[in-house]
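**Student:** Take a look at this one; I'll ask things after.
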Amino acid sequence: MRKFSVLLALFLVLTIAGMAFAASPNSKMDRVVADEITYKSKVDVIVTLVKGAKMNPHGLDGTVKHEYSIINGFAGSFTPAAIEALAKNPNVKFISSDYVVEVALNYGAPTIKAPDAWAAGYTGKGVTVAVIDTGIDPNHPALAGRIVGWYDAVNGQPTPYDDHGHGTHCAGIVGSNDSFYRGVAPEVSFFGVKVLDSSGSGTTSDIIAGIDWAVQNGADVISMSLGGRAYTDPDSDPLCLAVRNAWNSGVVVVVAAGNSGPAPRSIETPGIEPSIITVAAANDNDTIDWTDDSIASFSSRGPTKYGDLKPDVAAPGVYIISCEANTGGWVSKSGTSMATPHVAGAAALMLQANPNLTPDDIKTALMNTANDLGYKWEVQGAGEINVWAAINY
């Protein structure tokens, strides 16, 4: 089983080393699965079906973990014989390993001109952002009372919590209502979607289940400060398919580019998915003047290993102060994890200003009004976002 990494602070690392696998060209299973069926009694996989195909996975030799709506497929732990039979089934498109993922302000919101939007009455009120992460601390004073939906794919707990802290920090960047450490959309509502455990790890299948839940329950925006090394192209990667389908259903999906820079072609999945908004991290240099901003060295660079032009935009992601879980206090973190919720919050402000905007409308406006920091596209995308300009685009 391979490990992803959630983008916590300055690193995002794959914890199973030396496994630079790609999809086998003559097989419907990736090389991790092809390897594991030779020595494991059960293998954790995600099975995607061809368009329109139906299958009852409960008849397979193994255990079904999830059946999805967001993608045509299912996840579970199955015997090698069952997996080999699936690979021969014409209704099966691809079999992926169920990889594991780990967790990879006072200047941030003003840098992207959020206060101009607040002055015009746009605070994110009436918009719901799903933070798909380690959870959200419901008792933090800057977030309390605004978690309107909760899903726990890890422990199945019925009420919100965060036993790691990464998700709470990201939620605060989206929408802290503190008078000083204010998030981008301080009156936004939250869906807390816990897909990562107390160590910051989680499986791809649980992340897809979280996306599925968020879409089914009416999220307007999804913020995902997580990712992992891309081993399969977006048309075969089930996580890319999930965010693509969420986007096509009308949900704005914002994903971190990754913290594997400055190497080129280091954009992480699902940030490699062309349709969604992939975010690089900028350093605001402790000023609200964007003209002195720069792209962080750790921010992953494009293009993707499959040739798509990424990232799309940049946002503040260095030394960002936001909510600290389970203390009621504040903590500074860096990473594209911190840049991503700035853009998710910006999307919330735009949707409040004009609820008829589509995800493509929002992406286009953010890109066409971004401030050019002077880097190549594969480093900064279109540039650092300016939410007030995007609202007025």
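Note: Cβ is positioned from N, Cα and C throughout, glycine not excepted.
Features from TrEMBL:
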- 1-22: signal peptide (SIGNAL)
- 63-103: domain 'Inhibitor I9' (DOMAIN)
- 124-375: domain 'Peptidase S8/S53' (DOMAIN)
- ASP133: active site, charge relay system (ACT_SITE)
- HIS166: active site, charge relay system (ACT_SITE)
- SER337: active site, charge relay system (ACT_SITE)
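What's the neighbourhood like for each of these?
**Tutor:** With a threshold of 8 Å between CB atoms, the same-chain residues lying at least 6 positions outside the domain 'Inhibitor I9' (63-103) that come near it are 1-8, 12-13, 15, 23, 27-30, 32-33, 36-38, 40-55, 57, 133-134, 164, 166, 195-196, 199-209, 211-212, 215-216, 226-228, 232, 236-238, 241-242, 245-246, 337.
If you draw a 10 Å sphere around the CB of ASP133 (active site, charge relay system), it holds 33 other CB atoms from the protein chains shown.
Around the Cβ of HIS166 (active site, charge relay system), 28 further Cβ atoms fall within 10 Å across all displayed protein chains.
DSSP assigns SER337 (active site, charge relay system) to a helix in the three-state reduction.
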**Student:** At a 10 Å cut-off from the C-beta of SER337 (active site, charge relay system), count the other C-beta atoms across all protein chains.
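**Tutor:** A count of 34.
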**Student:** Secondary structure at ASP133 (active site, charge relay system) (DSSP, helix/strand/coil)?
**Tutor:** strand
**Student:** List the helix, strand and coil residue totals of the domain 'Inhibitor I9' (63-103) as derived from DSSP.
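**Tutor:** The domain 'Inhibitor I9' (63-103) comes out at 9 helix, 20 strand, 12 coil.
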**Student:** The domain 'Peptidase S8/S53' (124-375): mean pLDDT?
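**Tutor:** So the average pLDDT across the domain 'Peptidase S8/S53' (124-375) works out to 97.
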**Student:** What's the CA-CA gap between SER337 (active site, charge relay system) and HIS166 (active site, charge relay system) in angstrom, rounded?
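**Tutor:** For SER337 (active site, charge relay system) versus HIS166 (active site, charge relay system), the Cα atoms are 9 Å apart.
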